[in-house]
Amino acid sequence: MKLPKSSENMLKAFSMGGSWAGRAREAEEEAEEDEEEEEEEWKLLSALKVEDKREKLGAGRDLMEELVGLREGSSGNPVTLQELWGPCPRIRRGIQDGLEWLKEKLFRVGEDWYFLTTLGVLMALISYAMSFAVGRVVRAHKWLYREIGDSHLLRYLSWTMYPVALVSFSSGFSQSITPFSGGSGIPELKTILSGVVLEDYLDIKNFGAKVVGLTCTLATGSTLFLGKVGPFVHLSVMIAAYLGRLRTKAKGESENKNKQNEMLVAAATVGVATVFAAPFSGILFSIEVMSSHFSVWDYWRGFFAATCGAFMFRLLAVFNSEQETITSLYKTNFRVDVPFDLPEIFFFVALGAICGILSCAYLFCQRMFLGFVKTNQVFSKLLATSKPLYSALAAWVLASITYPPGVGRFMASRLSMKEHLDSLFDNNSWALMTRNSSPPWPTEPDPQNLWFEWYHPQFTIFGTLTFFLVMKFWMLILATTIPMPAGYFMPIFILGAAIGRLIGEALSLAFPEGIVAGGVTNPIMPGGYALAGAAAFSGAVTHSISTALLAFELTGQIVHALPVLMAVLAANAIAQSCQPSLYDGTIIVKKLPYLPWIRGRKINSHRVTVEHFMNCTITTLAKDTPLEEVVKVVTATDTAEYPLVESTESQILVGTVRRAHLVQALQAEPPSWAPGHQQCLQNILAEGCPIEPVTLKLSPETSLHQAHNLFQLLKLQSLFVTSRGRAVGFVSWVELKKAISNLTNPPAPK
């Protein structure tokens, strides 16, 4: 048993000896001191425990205050109600960190793929919404024409005034917002992708004008006979340019022209894919029509974006119960086992040659008439002062011709453009079916027998098809002059289908049992010739081969792959050797900047060198040029950039100086360069005026062929020509076009 400390002290004192009283007194004093020490120890221990509890409570209170937003900093200001019930900082930081981690993982594959997915989905939604709205407006027009009564005057007015009003509004609305919204848009896009800057053409404000105007144009139905491929390519490129600008601003990066061009090329493929739900032909068609050189990297981007757009476009049709599943737009029933016999290959090639000849005639007439409208005093004044009036007059003429009880009876004017193709791709021979019987003309088009619209007892199938081709030939040329958003590919595609149908019907009548091949006779299918004619004529007009693949994707069948491709090749061989394409011809008429092609021409471009056609009048600035002379050069010329040489004597090219930077530097410089002072250009350059290096130059010995390919491949506007480092001239598009023109059409000897 342990004794208290005071008892121990007393025993210790007795054991040490001495008087009893003294020892007892000393023991008591020591015991009192020990008790005081124990008391202080207990107080200190209690104080430590209390402080520990307070620290724990304070930490908990701090945690709660932070969770509920009471501690938002060390300012010491009173806590407001908004701070009390505001978002929790720790939770908010956790969410932000989680989102940053997710963003890092998602964008590891590259942000371009999300950009292209967004572009494809947006264009699919716009295409489907536009088709939905156009279908309702066209249905209302048919209802009005059907329910207005038996009065021919009222029926005529309902048939003609409806599209006239739509066309007038389309032209007036789009042109009032921006003049760049009219037409197809592909010629201008082709110019932009070649490196030329067209101001405000891709501005987002054009988007609304183009959408509204194109919707009204398509709502006119088959009276104007126009499509939406070209405008949709323009719309897609506008959205891509706008999204690209948003992405650049969000990331705080500088604008990259090469990156922008890559996205614009991919966007062009989306425009075609979301119209026909054809991703393969969409990208190939955009490559052939829009670009002279194409990067494989852009090929993958275009395929991805086009697939997203086409899939979404067809998926929306399934969601709206228009289709049971994702199928082709134009279903056919071609014979699969033996779709054609071997001797028919000759007729398919002949069909391609006919389409090539007719395409040359169409391209020539279209370009001449478009130029006539622009130069004629009456038409040019009308287009300059009142575009809606010209559009209304042209629409009234076209609608009057297609009036069903009139001339329109002989050209299947009651059918829509989709119904035109559905009927022309019919694999039955109309000539054989009407040889012994005459089908009645129904009061309304029969969806199961659309070919009845092509038959007239006194006109026959051949008469209506021929009349349709002749009338639509010049009517489409007239429609291309109307200043409103419209596409011209689909009407050309239908014209080619009618050409092929006419040839196929003639062959089926000449060989009613079919052509004997290998002891087997199979009937001729005119629908196959219509498919080949559509691909051949549209391919010849646009100078593209991908229309063959487009025909297969539209119909969902590839049984006529070989004959269709041979027809397209034959048509292109004739058209490309005789006439520029539809889009190149429009570029020429509109006088847009362009570089003519030299491939396939016998002009000996390899023998002509740069020294024969370069511009030797070049204004250079030397580093030792006095500032007074620099000011005179800047004020006397409007060149965007000036070649900078080492000295006036050597003329060694060292770089270029932009005019804008030079003017800014001269304005910031104090007027010490006035007469009497000997400041030179070197002083401004040393103070920070940027010098851009010249990384690419031409030699006087470079051939015209090499220079032309270089300009097209790198999308250049001009290049300097140097000899042993000395600047001796420059070459731009003007010099290249003049050199090619002199080789193609040599000037007469003096």
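Here the Cβ of each residue, glycine as well, is placed from N, Cα and C on the backbone.
Caution: TrEMBL annotation is automatic and unverified by curators.
Remember, predicted model here, so these are calculated numbers, not experimental data.
The following features are taken from TrEMBL:
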type: COMPBIAS; residues: 27-41; note: compositional bias 'Acidic residues'
type: DOMAIN; residues: 614-672; note: domain 'CBS'
type: REGION; residues: 1-42; note: region 'Disordered'
type: TRANSMEM; residues: 113-135; note: transmembrane segment
type: TRANSMEM; residues: 156-174; note: transmembrane segment
type: TRANSMEM; residues: 224-243; note: transmembrane segment
type: TRANSMEM; residues: 264-287; note: transmembrane segment
type: TRANSMEM; residues: 299-319; note: transmembrane segment
type: TRANSMEM; residues: 345-369; note: transmembrane segment
type: TRANSMEM; residues: 389-408; note: transmembrane segment
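A mean pLDDT of 82 is what the model gives for the domain 'CBS' (614-672). Same-chain residues lying 6+ beyond the ends of the transmembrane segment (389-408) with a Cβ under 8 Å from its Cβ atoms: 152, 155-156, 159-160, 163-164, 166-168, 170-172, 220, 222-225, 379, 382-383, 414, 471, 475, 478-479, 481-484.
Within its own chain, the transmembrane segment (299-319) is flanked in space by residues 112-113, 116-117, 119-121, 123-125, 127-128, 262-263, 265-270, 272-274, 276-280, 282-283, 286-287, 325-327, which lie at least six positions past its ends and keep a Cβ under 8 Å from the stretch.
Here the transmembrane segment (224-243) has Cβ contacts under 8 Å with residues 115, 118-119, 122-123, 126-127, 130, 163, 167, 183-186, 188-189, 202-204, 206-207, 210-211, 214, 217-218, 260, 263-264, 266-268, 270-272, 274-276, 286, 395, 398-399, 417, 472, 475-476, 479, 482, 485-491, 494 of the same chain, all six or more residues outside its ends. Look at the domain 'CBS' (614-672): DSSP puts its residues at 22 helix, 16 strand, 21 coil.
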